[in-house]
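Quick look at what Swiss-Prot annotates:
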BINDING   Gly7, Leu8, Ser9, Gly10, Gly11, Val12, Asp13, Ser14, Leu33, Gly119  ATP binding site
ACT_SITE  Cys94  active site, nucleophile
DISULFID  Cys94-Cys193  disulfide bond
SITE      His120  site 'Interaction with tRNA'
ACT_SITE  Cys193  active site, cysteine persulfide intermediate
SITE      Gln331  site 'Interaction with tRNA'
Amino acid sequence: MNRVVVGLSGGVDSSTAAASLHHQGYDVVGLTLWLMKGKGQCCSEGMVDAAFICEQLGIPHHIVDSRDVFEKNIIDYLVSGYEVGITPLPCSQCNRAVKFGPMLNYARQELGIDRIATGHYARIGYDEVSGRYQLLRAVDRNKDQSYFLYDLTQDLLAATLFPLGNQTKEETRRIAHEFGLKTADKPESQDLCLIEAHGSMQEFLDKYIKQKEGDIVDLKGKVLGKHKGIHHYTIGQRKGLGVAAPEPLYVVKLDPIMNRVIVGNRADAGQSECNVSRMNWVSIPDPSTPIQTEAQVRYRSFPVRVNVIPLGDNRITLVFDEPQFGITPGQAAVLYQGDILLGGGIIEK
């Protein structure tokens, strides 16, 4: 019998993934990662629901204490990024360093199981010519999460199942109801998991980063107002600047050395190119010559045409056909060719 470890968060997606595989005849083991430190986090609603689902399905349930791994790879990663004026993307980092990698290691070393599954909306293919596993967009483009999975390795893709990749969210809820799952009507999480535990991103950052007042200036250096810490701002931000001006102003740069927030008009917040580091080439080998494809520089943005220029050392330059608004250092630039995710990396300052 095929054995698989399913990551269970206690939500409808992971619950349905586990139930679907169990229904298909897989020998399923549920695994929940204990991520948050602090009072009450050991018995969070998600962990309780995950345990209930496993009991309902009649499958084993393991809880792995990942709090130190989460703090090092996500909390520290976020704080250090915001301190130097970038806006980190924790979800892709979490998927590789906290979830998929450690989950597969636990499955292999502790349970003797060589396959894992999650409730992510994405698909995995295999190219016979290149001999590489490919990461593909989900059928439900509105729920597609491949953008956050660009950092997965070939080993992880070879060992992973995405049972929900070929269905819509509505179908997932319908299937959950058919299985009688407690989580069938559970609302979706609207924020990062760590933000839900702290109230808001601002509250979270203020807990770790000391507020330091500085100037809000225009592109010529004229002081327009004051801020209480550059970690409260991100490139392209318009709301909450607290600066009066005859035309809308946007954050165009964060200067951690001078502790300044630099603002300008919308055109000033546009870029024709950017550098990307820590590239992980997923579905194709690392190219040695320029290629033309599409790039997505924010989760909810549309892919746009780019020229990709390899720089070596896992770095590339993206040259856009048209200037792009609000390209944000620390966020991911992910390359696609149709539904195929070619690779991705982190936008540099």
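From the backbone N, Cα and C atoms, a Cβ is placed for every residue, glycine too.
Ranking the binding-site residues Gly7, Gly11 by C-beta neighbours within 10 Å puts Gly7 at the top. Take Gly7, Leu8, Ser9, Gly10, Gly11, Val12, Asp13, Ser14, Leu33, Gly119, the residues named in the record as contacts for ATP: the widest Cα to Cα gap among them comes to 16 Å.
Gly11 (ATP binding site) sits 11 Å from His120 (site 'Interaction with tRNA'), taking the C-alpha atoms as the reference points.
Closest in space to Asp13 (ATP binding site), of the recorded positions given as Cys94, His120, Cys193, Gln331, is His120, taking the CA atom of each residue. When other Cβ atoms within 10 Å of the Cβ of Cys193 (disulfide bond) are tallied across all protein chains shown, the result is 17. Nearest by CA distance to Cys94 (active site, nucleophile), out of the recorded positions Gly7, Ser9, Cys193, Gln331, is Cys193. Separating the Cα atoms of His120 (site 'Interaction with tRNA') and Gly7 (ATP binding site) is a whole-number distance of 10 Å. For Ser9 (ATP binding site), the same-chain residues that are 6 or more apart in sequence and have a Cβ closer than 8 Å to its Cβ are Thr32, Gly46, Ala50, Gly119. Secondary structure at Cys94 (active site, nucleophile), as computed by DSSP, is helix. Calculated from their C-alpha atoms, the gap between Leu33 (ATP binding site) and Gln331 (site 'Interaction with tRNA') amounts to 25 Å. In this structure, of the recorded positions Asp13, Cys94, His120, Gln331, the smallest number of CB atoms within 10 A of the CB marks Gln331. It is 18 Å from the Cα atom of Cys193 (disulfide bond) to that of Gln331 (site 'Interaction with tRNA').
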